[in-house]
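S.K.: Dropping a structure here in structure tokens format, bear with me for questions.
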Amino acid sequence: MEEIYAKFVSQKISKTRWRPVPPGSLQTAETFATGSWDNEVPALAGWENYVSLWSIGDFGNLDSDGGFEGDHQLLCDIKHHGDVMDLQERIVAASSTGCVTIFLHHPNNQTLSVGQQWARAHCHSGPGSPSCNGAPCTGVVCSNPEIVTVGEDGRINLFRADHKEAVRTIENADSSTLHAVTFLRTPEILTVNSIGQLKIWDFRQQGNEPSQILSLTGDRAPLHCVDRHPNQQHVVATGGQDGMLSIWDVRQGTMPVSLLKAHEAEMWEVHFHPSNPDHLFTCSEDGSLWHWDASTDVPEKSSLFHQGGRSSTFLSHSISNQANNVHQSIISSWLSTDPAKDRIEITSLLPSRTLSVNRGNLLILDKLTEPFELS
């Protein structure tokens, strides 16, 4: 495993996102943004959060062993009102106040500024109402120039970076809290909520109802995170309050294809590797950061990762015969794995488990997700 570099930044980091490199580039990402939360400043008798832009080491120069030289360098930062609940492309920040902000990076003088802001993107009553109280914006996803947000108010907003008002709002899209959102395809999004449901929404449809609802069975633990397979868009991974990893095939059925026993506490992030999607990464409140390897090119895999007296195993699998119907080469390894014969290799990426690995630390440590695009 690559060496881990740590830096004390005097802030509680809630989210990080990497700056992308040009398509086809052999360079690694060197710049990332962070958002903070719950940062109390005694001198101000209050809280002061920031969105910050960082560079790794000596701007990406490698040492003789191929590692980064130097330390994390703060390039610039800007104050952010409320906790940063999510952070996405073009440095779009979601706030606990219900505000959504696009920050612009000015590399000439290394500063950040507010490019666009929707102050009441999420609130607990109708927009414009005198009694409108801000509701936390819990998730944001970007597909230039579209920006989609979800929140505790159960609302879904579709924004465009060059529009001052929402292009479309689905009021009361969900009666429970929406925790995360991602694009399935350009006109379709996926949301997960606090009652264990995965919903698909199609912005081409005029109604305010989801086009498809998939759901966990049993206790329906809240789902906290969602990611789509980068090449096979029907394959979706979610993680929730019970620490379970769920794999879904949205083309068929209404339940997960696989449930995998994973972390001992809430799973905060799940991400497919953007170029090697047989590899998946998860992090948890229990302080663990895991690398899941479901690739089929390993002749014999070792048994499932076992640490601290507990193992990760398949709990259910409903489509083990799918390979008989579809050519193996076009089936995702996450759907074709037979738990009776195959194994998923799981590697712990952290040497210790003392503090929660929240939504920010997962991305700082190992560049595990697609980064943001700086304007």
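Cβ coordinates are placed from backbone N, Cα and C, and glycine is handled just like the others.
Annotations for this protein, taken from TrEMBL, read as follows:
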type	residues	note
REPEAT	216-258	repeat 'WD'
REPEAT	260-302	repeat 'WD'
S.K.: Calculate the per-residue pLDDT averaged over the repeat 'WD' (260-302) and state the result as an integer.
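M.R.: Taking every residue in the repeat 'WD' (260-302) and averaging pLDDT yields 85.
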S.K.: Determine how many residues of the repeat 'WD' (216-258) DSSP places in helix, in strand and in coil.
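M.R.: DSSP composition of the repeat 'WD' (216-258): 0 helix, 18 strand, 25 coil.
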